[in-house]
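J.: My structure is below; once you've seen it, I'll send some questions.
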Amino acid sequence: MFPERVLSGMRPTGALHLGHYHGVLKNWVRLQAEYPCFFFVADWHALTTHYESPEVIEESVWEMLIDWLAAGVDPTQATLFIQSRVPEHAELFLLLSMGTPLGWLERVPTYKDQIEKLKEKDLSTYGFLGYPLLQAADILIYRAGFVPVGEDQVPHVEMTREVARRFNYLYGREPGFEQKALDAAKKLGGKRAKLYLELRTAHQERGEDDALEQARALLAESQSLSMGDRERLFGYLEGARKIILPEPQVLLTEASRMPGLDGQKMSKSYGNTIRMREDKASVEKKVRTMPTDPARVRRTDPGDPGKCPVWQLHQVYSDADTREWVQKGCRSAGIGCLECKQPVIDGILREQQPMLERAQKYMDDPSLLRAIIADGCDTAHKVTQETMREVREAMGLTYS
């Protein structure tokens, strides 16, 4: 029905580290070659937890965008924009809030989890309670087909689907819908119209899911239909309402296994990170001062790589021969810890090199980055204007 867009965003709340690269940005680089992708800076979302320190957001926005480009996100393949520069996000958030039950927001698992984790902040705010609905608006405003998330974010996408379903139920009704849908089917042409109606019957009366998918594919191939007729025919397949806001699907992404300097998951809150564009001297110092197996008090003491955080980084950055060298050398005390750490340092610096090269031109000429974002915001704005035109019309807000 709509282009199979991918929508994803990140909050600008500090420097990006290698955990962000391995957990999110590498996936974005892959997705941009497969789908029309919209990647955005979620600055309004950042305010839900940093409303008392907006300077953190301001400092982070442009640096984060440079990190995206450094990672290989390509503005010729994906649309990059800043959430607050596309005001339709806020308008749809407001309109969706009118019909979204409060209980839906309160039951989102991450709501209570975040309040527990961030006890030092006062998160008893309307904005923080409503951020899952703002996420829903971010997704639905682009009629995104797919949202790449980890397991912990699946409930947010499920709530988005419920919000879309409720909206379509409340506002997808229109006078004479069935006749308008039948008239629209005729525009498919005789044979295709007959096939469409047969597939609809097979789905609705006999519950054949394959028939539903075939009918959807048939409509997707019919380029001559207007947007309104297309919405009616998709809606008619499953009931008697237009599909104004389609339900997105989860693109489940594997959780980042990037270990931090202490062996825990790399995270800013643990203070165990290496920034994506950290300078060479700092990388060397951080890795060389990493803790190792406590059993290796002296150079001649054998150790167990399984008890050493450095070994986890070898699994990311070292090839099979190097890992075998580490296993044998550590267990026999044939190598010292500093020797063991050097291939990790080399691997990180090797990974960073193309990032630093890509980033340099945007650091040298910030106007290049500003132009990319201006173009991306324009592209995003065109999509959101079309969605909001139909949303306002469905909700009876187009007074003349």
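Placement of Cβ uses the backbone N, Cα and C atoms for every residue, glycine included.
Sharing the features that Swiss-Prot gives for it:
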type: MOTIF; residues: 12-20; note: motif ''HIGH' region'
type: REGION; residues: 173-241; note: region 'Insert'
type: MOTIF; residues: 265-269; note: motif ''KMSKS' region'
type: BINDING; residues: LYS268; note: ATP binding site
type: REGION; residues: 280-305; note: region 'Disordered'
type: COMPBIAS; residues: 295-304; note: compositional bias 'Basic and acidic residues'
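Give me the lay of the land around each of these features.
T.: When the motif ''HIGH' region' (12-20) is classified with DSSP, helix, strand and coil residues number 3 helix, 1 strand, 5 coil.
Across the region 'Insert' (173-241), mean pLDDT in this model comes to 88.
With a cut-off of 8 Å between CB atoms and residues at least 6 apart in sequence, the same chain places GLY14, ALA15, HIS17 near LYS268 (ATP binding site), listed in sequence order.
Residues of the same chain lying 6 or more positions beyond the ends of the compositional bias 'Basic and acidic residues' (295-304) and with a Cβ under 8 Å from any Cβ of it are 330-333, 336-337.
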J.: Go through the chain and flag residues at least 6 beyond the ends of the motif ''HIGH' region' (12-20) whose CB is under 8 A from any CB in it; none is fine as an answer.
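T.: Cβ under 8 Å, 6 or more out: 41-43, 46, 49-50, 56-57, 60-61, 63-64, 67, 256, 258, 260, 265-268, 273-276, 348, 351.
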J.: Which residues of the same chain, at least 6 past either end of the region 'Disordered' (280-305), have a Cβ under 8 Å from a Cβ in it?
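T.: Sequence-remote neighbours of the region 'Disordered' (280-305) are 261-263, 274, 311, 313-314, 326-327, 330-333, 336-338, 340-341, 344-345, 348-349, 352.
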J.: For LYS268 (ATP binding site), name the DSSP secondary structure in the helix/strand/coil scheme.
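T.: DSSP assigns LYS268 (ATP binding site) to helix.
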